[in-house]
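Asks: So TrEMBL lists these for the protein:
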| type | residues | note |
| --- | --- | --- |
| TRANSMEM | B:6-25 | transmembrane segment |
| TRANSMEM | B:32-55 | transmembrane segment |
| TRANSMEM | B:67-86 | transmembrane segment |
| TRANSMEM | B:117-135 | transmembrane segment |
| TRANSMEM | B:155-179 | transmembrane segment |
| TRANSMEM | B:186-206 | transmembrane segment |
| TRANSMEM | B:218-239 | transmembrane segment |
């Protein structure tokens, strides 16, 4: 009786709302599910798929090599639902699972215990087909012929699995699964476990198949001919965030007269094997934080002593998926549909992965092919010189001629050979051992606090990581100022504050109001998910805070500023913010005017309706109806088959007797 | 737990009653009407007793588990008593109807005897009772899982089906015996039926101790079946006549 009570208590926490009480006796619904979904591009589908009515399998925990043999060959109760320990989530094991017919699905335990020294599910050569290097441009550098950027990449994110793969992030939920396995499925002295066995069912049926071309064709057919159209997939889309030191007229598209612009850029997104999981600390957050600190350091000086050139800061969304944001911006520039065009661009400085410097030098990467042109070469060398002016931080360029790392700058180079540099903490291949994976979190960035600090104290404590990034930000800010033609005498006023950096670092760590760090996956944008991704909004508001001015407009004026003659909706955007909380909890809202804007980040392939495009990103995400998981017991096939046999017995007897009722009862 | 279990349990629970319906009732429209009206009377009794139980549940403290169990037991016994009251009410209704049926029939007598009406009424009660016991469980047996993750017995579905079968047959036999007792004014028969029904309901509360509930219920079913056979006019002689008739048919063919 007590055993049963224990079980009821452990499982009772996990049953969701079920309809009937018999159903409640059978199923334990798992609430915290993190699936792997299907993504499609012009030619392939990647990700995971389950059957339409879910995939069921007997649970087995994969902890040792003998477990692997049991699952793949010797176990008597296939198909199995594998609970995979962290150490076994690698390419060789997953490929063996993929090729086996005895695996119904995989649930991966995500934890730091047993984590290998490196894990990157991305490819070894990110975005190799949509960068600048191709057969016609630097063919000896294309496809990572010279330098392999992500040698630790195992390409798992780009494989196509025909069974569902879920991630188990919640420790309590994993404990429930382990308990069920230990109670029913454990092998005793090597012999097979007896029925009834614990089983799990995973639902993650994806509607889209084959590739984007097929999926968009079917969606178009649905939209045209069906009364209730069923959309099968959506293009990945969101917004880029941009701002400039001198406001640009947003309604005047095309070439901006008398504007020479230095672009400072970084990326805003990341990804991992699982859906909407992308902590991307070293891959993305380090760049965002550095650029924000740069803006904070640079902005006041550019208002007091404006340099001749404008400085344009841009955060590109969707760079993990073949440069969605930067290709869209370049496309708009070439079509004269943006505030500036390629003729306005003087040079570019991009901030790549800069978080794992750990006291060493920073590297400046440039494109050797465009530098074959003398004038471009001189410009780039000048730009490098401006970066090397400061002795407290060493900056080097790679000794051998190697291509640019994957960066938004490559898309600008495809349009025009402009001088530019990419800053990174790596010389040849990435120092990030967890590139585009779920383990690229604050711990990977070595953000550590001394023990015993309260959360408020942590908010202002200057970690080593913060100080390191602040140094990079100072360097970038000063060199941008020089690049824009500013005078050297103002340089000492440009310093990034590590306190600001450490506060911004909190966008990479868990917070009270939300369960876990923010995720940087691009998502599906305004049509599907509402206004803009939370991270995009967050960066937009921080920029407005750093670069904007407080006005004394009322709320209605703030929302319709064109009615006032002193305000200019073309040059600025207006935000009605709720303000800081005062002592007694009330807030005084006010209107902020800033030159921060969002620009649409959807691949030009979807505007041009070229779904099979080789030049632009064609990534779409499939739609689905329900994604859930549940566990229960299954009985043996013998028991199942025995019941119809019983029926046969009763039926034959019945027929005999009923036919004879008249004889028995006639009087 | 998949289609095999669904069909297996459905046929175990409803097979015999379905066969009885097809071979003995379906051809005669009058019997069909009496069957459906009987089912309706059972439904009425269930509605009223569940209303009482529901009000009792809502008015009580839902956290007090012993109180809830006590209320369940009370609800079960109250429902049994109400079912028997409605069986008696149906008997009175059918008696009144016999005179009317005799008036409109072609023959001198009634188109259907009281004994046949007893059997049909009992079967009607049994089918509806079985449906309400089993349908909910059947729909959950279609899924891939079986009962047991919280420690319950894995034989839940099949024992539910067997219990339903027993109850259906019991209602049929009780119908025969009850009507016979009312006809002959033997009130001890009615008391016996009510006590047997209470006993079977009480035994079902022993679940999940299936060894304590199923065998006794089947013994009772068998005993009641024999009682119903003799009560409705069968005898050992007619049984032997059945066998010789069969033998004779066998020889002549």
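A Cβ is built for glycine as well, from the same backbone N, Cα and C atoms used for every other residue.
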Asks: Go through B:32-55, B:67-86, B:117-135, B:155-179, B:186-206 and flag the stretch with the largest number of C-beta pairs under 8 Å relative to the transmembrane segment (B:218-239).
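Replies: Comparing B:32-55, B:67-86, B:117-135, B:155-179, B:186-206 against the transmembrane segment (B:218-239), the winner is B:155-179.
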Asks: For the transmembrane segment (B:6-25), which recorded stretch in the set B:32-55, B:117-135, B:186-206 gives the largest number of Cβ pairs separated by under 8 Å?
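Replies: That would be B:117-135.
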Asks: Run the contact check on the transmembrane segment (B:186-206) against the transmembrane segment (B:67-86): 3 or more C-beta pairs under 8 Å, excluding pairs closer than 6 in sequence.
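Replies: Output yes: the transmembrane segment (B:186-206) sits against the transmembrane segment (B:67-86).
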Asks: Give the nonlocal contacts of the transmembrane segment (B:117-135) in its own chain as ranges (CB under 8 Å, at least six residues past its ends).
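Replies: Non-local partners: 9-10, 13-14, 17, 20-21, 24-25, 31, 34-43, 46, 83, 87, 90-91, 94, 98, 160-161, 163-165, 167-176, 178-180, 232.
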